[in-house]
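Read through the structure below, which is laid out as structure tokens, and then see the notes.
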Amino acid sequence: MADDLGCEGSANVLGMRQWALLASLYSTQYLGLNFFVVALVAILRSEGAELDTLGLVYMLGLIWPLKLLWAPMIDRFTIGRGGHFRGWLLLTQGLLVLLLLAIGRFDVIDDFPLVYALCLAVALLAATQDIAVDGLACRLLPETRRGLGNGLQIAGGLAGNMVGGGLILMLYPQIGWAGCLTLLAALTAISAVQLIGFEEPAWRRSGDATGKLYRRMMVFWWQPGQRCWLGIILLVSASSGMAYAVLMPLLVDQGWGPARIGLVVNVLGSIAGLVAALISGWLMYRFSRRDALVLGVGFQIIGITVLLLPAWGMTQAAAMGAIVYFLCYNPVSVVMAAMMMDRAAPQSAATDFTLQFTSGQFAAIAAMSAGAPMAAQIGYGGVLGVALGTGSMALLLSVGLGRSRAAG
């Protein structure tokens, strides 16, 4: 690995307030977006919206991988004087709160074009916040605490999905559209309040021109050891993406209704994944990065294997398979995120981390898009078999990856 890789958090000791801030930021940034791409679809359909309208809502999720396009801008420019990433986070948090309140003032059906435009702005701001909080975490977290920090990251995303996509949807019949958006704004504002009292350490800003940061993305994967790492990212992400693509239709074909799917997948599955992410993050300090990666990929393979049971007609194993899948695929996400931080240079932390993370997202989206059409040709079991083969290739690459320093 190149000498300039590795964030500079090794000298930092985080207090409880800093841990609480990271946990809050990683949770609240997903609230609005998850509400729109999960709950909004159900609300629109219940109000009589056409299927093509629902397709537009799903497209909001595609903004997330595109954040790579403006990640270097976050590294290069500072907003205000209260800290490099803190300035970006205060801006995005404040605008998110205002936009959520504004969206609640419009009718979701009659004013849909305007509501959709504002939702698009929310997606852009949430993606920008994610770049900034990843850069902040990369610089704040000592190497021995990146496992726990990224456990919080994955758990925060699951918590945001559970609250934004599940619990607030359950409150919709009681508090209505405006009430849901007001509640989302209030929950999002929690992080903004924490940021006001946060003092970001003074560290050297990137002196590179914006163009140089963009050029760095072109050469990042050509550094020693990085192409093997890219292969692992793509294979692990594609493997989990293919399995997830067939999970929902598999459950529907087993006779599951929306309520049962919501409970098992969005609530119980998210809880299982959240617990797994936190535990695996806490345990990472006991293993080298390589050994933790091998274990994580192995757990993901186990989770996909269990899904074969309902795919082969064992309907009584469907709930267990879904929960075990969420339990087993999150640990490798934590390990890989920590290793992405290890490979991010201090002066381009947000850019380097985002480049690696979005590479996996693109692979997962591509695999998910291919999963359902593949199932029509080779069946659910066939798709899961391909996912297992892909995961096994990732496992072989992980075993061959050079041993790294003890993790955390």
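Cβ atoms here come from the backbone N, Cα and C positions, even for glycine.
Annotated transmembrane segment per TrEMBL: 19-44 (among others), in sequence order.
Positions annotated as transmembrane segment by TrEMBL: 56-73 (among others). Long-range Cβ contacts of the transmembrane segment (56-73) within its own chain (Cβ-Cβ under 8 Å, at least 6 residues beyond either end) map to 33, 36-37, 40-41, 44, 116, 119-120, 123-124, 126-128, 130-131, 210, 213-214, 216-217, 348, 350-351, 354-355, 358, 361-362, 365.
Marked as transmembrane segment by TrEMBL: 85-103 (among others).
The transmembrane segment annotation in TrEMBL covers 115-136 (among others).
Summarising the annotation, TrEMBL assigns transmembrane segment to 148-169 (among others).
For the transmembrane segment (175-196), same-chain residues at least 6 beyond its ends with a Cβ under 8 Å from one of its own Cβ atoms are 17, 20-21, 24-25, 28-29, 31-32, 35, 39, 43, 86, 89-90, 93-94, 96-97, 100-101, 103-105, 107-108, 163-164, 168-169. According to TrEMBL, the feature transmembrane segment maps to 175-196 (among others).
Listed by sequence, the residues of this chain that lie at least six past the ends of the transmembrane segment (228-251) yet keep a Cβ under 8 A from its Cβ atoms are 221, 260-261, 264-265, 293, 297, 300-301, 303-304, 307, 310-311, 318, 322, 325, 329, 332, 336, 339, 343, 356, 359-361, 363-372, 374-375, 380, 383-384, 386-388, 390-391, 393-394, 397-398, 400-401. Feature annotation from TrEMBL assigns transmembrane segment to 228-251 (among others).
What TrEMBL lists as transmembrane segment is 263-285 (among others). Beyond the ends of the transmembrane segment (263-285), by six or more residues, the same chain brings 38, 144, 146-152, 154-155, 158-159, 161-162, 165-166, 247-248, 251, 256, 292, 296, 319, 322-331, 333-335, 338, 406-408 to within a C-beta distance below 8 angstroms of the stretch.
Per TrEMBL, the feature transmembrane segment maps to 292-312 (among others).
Per TrEMBL, the feature transmembrane segment maps to 318-341 (among others).
Per TrEMBL, the feature transmembrane segment maps to 353-372 (among others).
Long-range contacts of the transmembrane segment (378-401) within its own chain (CB-CB distance under 8 A, at least 6 residues past either end) are made by residues 225, 228-229, 231-232, 235-236, 238-240, 242-243, 245-246, 249-250, 290, 293-294, 297-298, 300-301, 304-305, 307-308, 311-312, 367, 371. Taken from TrEMBL, the feature transmembrane segment applies to 378-401 (among others).
Using the rule of three or more Cβ pairs under 8 Å, pairs at least 6 apart in sequence, the transmembrane segment (148-169) is in contact with the transmembrane segment (19-44). Cβ atoms under 8 Å from those of the transmembrane segment (19-44) belong to residues 53-54, 57-58, 60-61, 64, 89, 93, 96, 99-100, 108-109, 112, 119, 122-123, 126, 129-130, 133, 136-137, 140, 149, 152-153, 155-157, 159-161, 163-166, 168-169, 172, 177, 180, 184, 187-188, 190-191, 194-195, 198, 258, 266 of the same chain, restricted to positions at least 6 beyond its ends. Within its own chain, the transmembrane segment (353-372) is flanked in space by residues 62, 64-68, 71, 131, 134-135, 138, 217, 220, 229-230, 233-246, 249, 336-337, 340-341, 343-344, 383, 387, 390, which lie at least six positions past its ends and keep a Cβ under 8 Å from the stretch.
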